[in-house]
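Comments concern the structure below.
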Amino acid sequence: MIPHKILNFQAFKHHKLKPILFPIDSSPSLALFSSTPQPNSSSQTQTLPQYATANPPPITLNYIQNSIQSSQWHLIKHLAPNLTPSLISTTLFNLHKTPQLVLEFIAHIEFHHLDIKTCCLAIAIVARLPSPKATIQLLKQAISSGIASIGVIFNELALARDSLSIRSSIVFDLLIRACCELKRADEAFECFNMMKEKGIVPKIETCNDMLSLLSKVNRMQAAWVLYAEMFRLRIKSSVYTFNIMINVLCKEGKLKKAKEFIGFMEGLGIKPNIVTYNTLVHGFCSRGKVEVAQMIVKSMKGKGVEPDSYTYGSLISGMCKDGKLEEASGLLGKMVDNGLVPSAVTYNALIDGYCNKGNLKMAFCYRDEMVRKGIMPSVSTYNLLIHALFLEAKMSEADDLIKEMGEKGLVPDAITYNILINGYCRCGNAIKAFRLHHEMMTKGIQPTGVTYTSLIYVLSKRNRMKEADDLFERIQRKGVLPDLVMFNALIDGHCANGSMDRAFSLLKEMDRMKVPPDEVTYNTLMQGHCREGKVEEARELLNEMKRRGIKPDHISYNTLISGYSRRGDIKDALRVRDEMLSIGFNPTLLTYNALIKGLSKNQEADHAEELLREMTSKGITPDDSTYLSLIEGIGKDDNSVGNVSSEKLNLVYGAAALPSEMNHCAKELSAFPIARIFHSLIQHHTALQSLWNPLVKYDPLDFFNKWGKPYLARYIGDTALSTTCR
């Protein structure tokens, strides 16, 4: 028979037992590899000799069994290469009433001596041990080895069980549990069905293991099929069964049904426990329904079930996600007052909440509180803080935290490196980002798609598109599939660099790889066309978006408005604005700025000022771009301040006398277009005094107020104040 190498039984070596004295068969009559049992011809009791001669005694069953029973495992290990499957099987049969010795025996023989039949015979015997751990481990090795399909293993176990006259069916339950531990749901189902065919009803614990696995791997429909089959087979559900099914309902978003399940449990006489309530509380909190979760906690208290650390942790996490940080902090204090110790996960929820609010001071306070209470901050804790620091461009503090992690013995994970690489990429430090990429590779941490997306982003922003394309091709050869975000980063780089042909070839590649584009993809392409003045092509992309079922957003419309305005096509820009309003999008600051810029460019300053009044009435605050466009329009309309005559002011605002200084001011600054003056005020602070002093001397604020442009007076005043303070 051809030997098979399958199982790692070395995992089951036990401590050596003291040698037991047994009679030894001294007859040399049996041939090598014989499996025929011979009578014991010696009644002399002695210890096994240590053979030093070149001719060891022949292998007999008595010799093997005596070696096993006297725990002479070194002899068994020495004989292992010469043991046939037949000899091993016979030995196993003879020892089937001593499963512990069988476990010791198979732990000391070479793996290739066990074919599938011998393997299953050994497992069937070991399954008689009180603890199932060894049996499950053997079954996992048999399944993982690939020596036979799960169906063959099941049938061989059935044959071994019958040959040993074992009445218990525990070995089949353990086979399913082994499949579950290996996360092989389909094979577990196959065993379940084979048990049914043999008329064997699986234990409730076995069914619960299957349900738990199906829930973990998100196979909810299969979980309900199994649950229904359990009901049909009249397998009585336990509280653990209901807890799993409540979790399944929560994962499916069926929170109302999950809550009703408690009543169903109680109707069957099964009392919900803390896990039941915690599952519900977590389910509601994770869906943003913290108020309902709090009502559940109140209900559980009324039934004598006190909340534990997990209950409070779920509520705190839910409150933090809702932005209710003060309420979450108060609940943490209440939790501590009740004698419960918050976990690192609970503190991380608070730290994450305050980081998202931009309150790094409070985030670090909770980190320090963790340490004071003896709760070790985890890698996740540091990841949250490092990410927040990068968002605020505090790279030095982030580096300090990395050093602190190392001092505390915490090893950065893939998420840490992704945060660091992304952070340095966002601030344009490509050298540091690629150095970190190399570091994570040397440490055996595999970069993810997120890592490569960040690197492609920084290369694109630095106009290194050939390197970005090369990296894009290289990672695909490594088996990393580009996702939507990676494609968008690369398309953005090519659009910004004017490589529209390459950008559109990437769009085709997305379709080929079945990566659906989104509104960001099309907005980027539209912006690329608008930069080149091809607004009609951008408009066609908007239509293509709609045909593909991709909804344009306000950026899509603002891109077109900006494109038309930049080209001076105000009528088309306003038509797009009206279309945007008709589908429910409100104009944004970007919308108004684009239109005001276009109107100013067309010397329609009055219309531009109307839009300014409209935007402020809608609560949209103008920014520097708004005012600079207006100033530019005035400059084009009147050419310079000098052209604003007292006659014009009198015509518009009546015959009110103007201070003589106004005319002097106009003459003084007549050579300077107004746009250039105030652009310099904002952009070049070193020239501030030389430009600002004449304006202060001649009271330009009053000048603009009298001219009927108070918004410019306010803007100039604010600009002067802010720049002077610097």
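Cβ atoms are placed via backbone N, Cα and C, with glycine included.
What TrEMBL says about this protein:
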type	residues	note
REPEAT	168-202	repeat 'PPR'
REPEAT	238-272	repeat 'PPR'
REPEAT	273-307	repeat 'PPR'
REPEAT	308-342	repeat 'PPR'
REPEAT	343-377	repeat 'PPR'
REPEAT	378-412	repeat 'PPR'
REPEAT	413-447	repeat 'PPR'
REPEAT	448-482	repeat 'PPR'
REPEAT	483-517	repeat 'PPR'
REPEAT	518-552	repeat 'PPR'
REPEAT	553-587	repeat 'PPR'
REPEAT	588-622	repeat 'PPR'
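Taking Cβ pairs closer than 8 Å, the repeat 'PPR' (553-587) reaches residues 519, 522-523, 526-527, 529-530, 533, 535, 538-539, 542, 545, 594-595, 597-599, 601-602, 604, 615, 618, 620 in its own chain, all 6 or more past its ends. Nonlocal intrachain contacts for the repeat 'PPR' (343-377), taken as residues 6+ away from its ends with a CB within less than 8 angstroms of a stretch CB, comprise 309, 312-313, 316-317, 319-321, 323, 325, 328-329, 332, 335, 384-385, 387-389, 392, 408, 410. Residues 484, 487-488, 491-492, 494-496, 498, 500, 503-504, 507, 510, 559-560, 562-564, 566-567, 569, 572 of the same chain, all 6+ positions outside the repeat 'PPR' (518-552), place their C-beta atoms under 8 angstroms from a C-beta of that stretch.
Summarised by DSSP class, the composition of the repeat 'PPR' (448-482) is 26 helix, 0 strand, 9 coil.
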